[in-house]
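Below: one structure, written as structure tokens.
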Amino acid sequence: MLLKLDHISYKVKKKKILHNISFSLKKHDFLTLTGPSGCGKSTILKLVASLISPTTGTIFYQDRDIAEIDPIQYRRKVSYCFQQPLLFGKTVNDNLSFPFEIRKQNMDMTRIDQLLRLVDLDHSYLDKKKEELSGGEKQRVALIRNLLFMPKILLLDEVTTGLDDQSKEIVHHLINDCHEKGTTILQVTHDQEELHSASKLMKMTKEGTLA
Amino acid sequence: MKSLAVSNWSLLLAFALVLVSIAISAKEKLGLTKDILISVVRAIIQLIIVGYILKFILHANNLILTIVSTTVIIFNASWNANQRDPNSKRKIWNSVIAILVGTYITLGILVLSGTIKPTPMQVIPITGMIAGNEMVAVGLCYKALNDSFHDLQQQILERLALGSDIKTACFPILRRSIKTAMQPTIDSAKTVGLVNLPGMMSGLIFAGVNPIYAIKYQIMITFMLLSATSLGAVIAGYLAYRNYFNERKQLELG
């Protein structure tokens, strides 16, 4: 098993957000999670990304409790994409150089160009200021920022919300390409098209449990 | 020098200035009357005690007593700076290290360069000035750090989610906080002599010292404060940002 959530509960100041969540993901799975607003879908992704820890229960990655794995190395393998990503620095280049900087590696321009092409952008975008990008372009840059070093698991938090049809199609194409190359996907969505095409769908209740 | 002596009657009359602030507080219903009276009583008692202690220490001219005095000043400054940190997981030793290192390095350079003599008469007032300014800078750094962690929370989370260590994730916040902490000292250095005539320079001129000598001292103090506040803010910032993370390198805002 690549990932297993075992009886996970999460509370914030006595308020129950998630209650007794258990599910697992095999390598190459594509699991779609849906449910009403505020039911804790994003919290599940943040827990899996180890950005927060469960109040009770255990998350296993390759049969190891993630609490025992170095969080930095773990987050490089299990990559979380935000619903409304923030680009940092001034330019697109500042964002795409970051994953290389934190690994103390030189920028791989071939890899960057390949991913830019995949999302219908080109090399000239590297010098563009982040303020000059449309919402769809920002989301595409943020996504390829997560994919420069292919993660084992990609966590997608409503990444197509608010995008126009063209940008949505490009993002779907990128996600499918990533899945075909072996990355396991766990996505949260409300999008009807994504829900219809989901191969494996899991629904949550308003009370923060699995339906 | 006798013209500098303030008589008890003059002090009593100067108390009228306190009555002005009490009157404002009462008229505007600020509810500060009690606070003003407590602060005035505390200031009088503290200064009288410190006056007698200083008289004794300066007269004794003893190295150990001088070191103890500077340590007490540094600890008090650290305690006050720590109180200004809004983070519930603040650690007093962060402030102690920042202010102690900043003060002793600056003091060491001044003594070794022969700018000041290692006598209690010179070391103690200079330590007070350095630690006092560092206290303000460190307090500002903590406040700016807390504000930035709340304002830029998602930016930090995005960096952490990409697999960044906490120090790299916090670089923009650290830069912003250290800059905020140093800004008042830099602004004050820019306007010194034009807007404000600092206490030490004014005091020396009051005491009849040649203004050129007084200005030389003030230049030395300006350099000294720039060094001390930079050191204090950098050390405090780099120690305190860790208090916002748990052992799993997760951001925890109280």
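Cβ from N, Cα, C; glycine included.
Predicted automatically and left uncurated, TrEMBL annotations should be read as such.
Quick caveat, the model's predicted, so the values are computed rather than measured.
The following features are taken from TrEMBL:
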| type | residues | note |
| --- | --- | --- |
| TRANSMEM | B:36-54 | transmembrane segment |
| TRANSMEM | B:61-80 | transmembrane segment |
| TRANSMEM | B:92-112 | transmembrane segment |
| TRANSMEM | B:192-213 | transmembrane segment |
| TRANSMEM | B:219-241 | transmembrane segment |
Recorded stretch that, among B:36-54, B:92-112, B:219-241, has the most CB pairs under 8 Å to the transmembrane segment (B:61-80): B:92-112
Residues from the same chain, set at least six apart from the ends of the transmembrane segment (B:92-112), whose C-beta lies under 8 A from its own: 70, 74-75, 77-79, 81-82, 85, 118, 123, 126-127, 130-131, 134-135, 138, 220, 224, 227-229, 231-233, 235-236, 239-240, 243
Sequence-remote partners of the transmembrane segment (B:219-241) [C-beta within less than 8 Å, at least six residues beyond its ends]: 81, 85, 87, 90-91, 94-95, 97-99, 101-103, 105-106, 109-110, 115, 126, 129-130, 133-134, 136-138, 140-142, 145, 166-167, 170, 173-174, 177-178, 181-182, 185-186, 188-189, 192, 198, 200-201
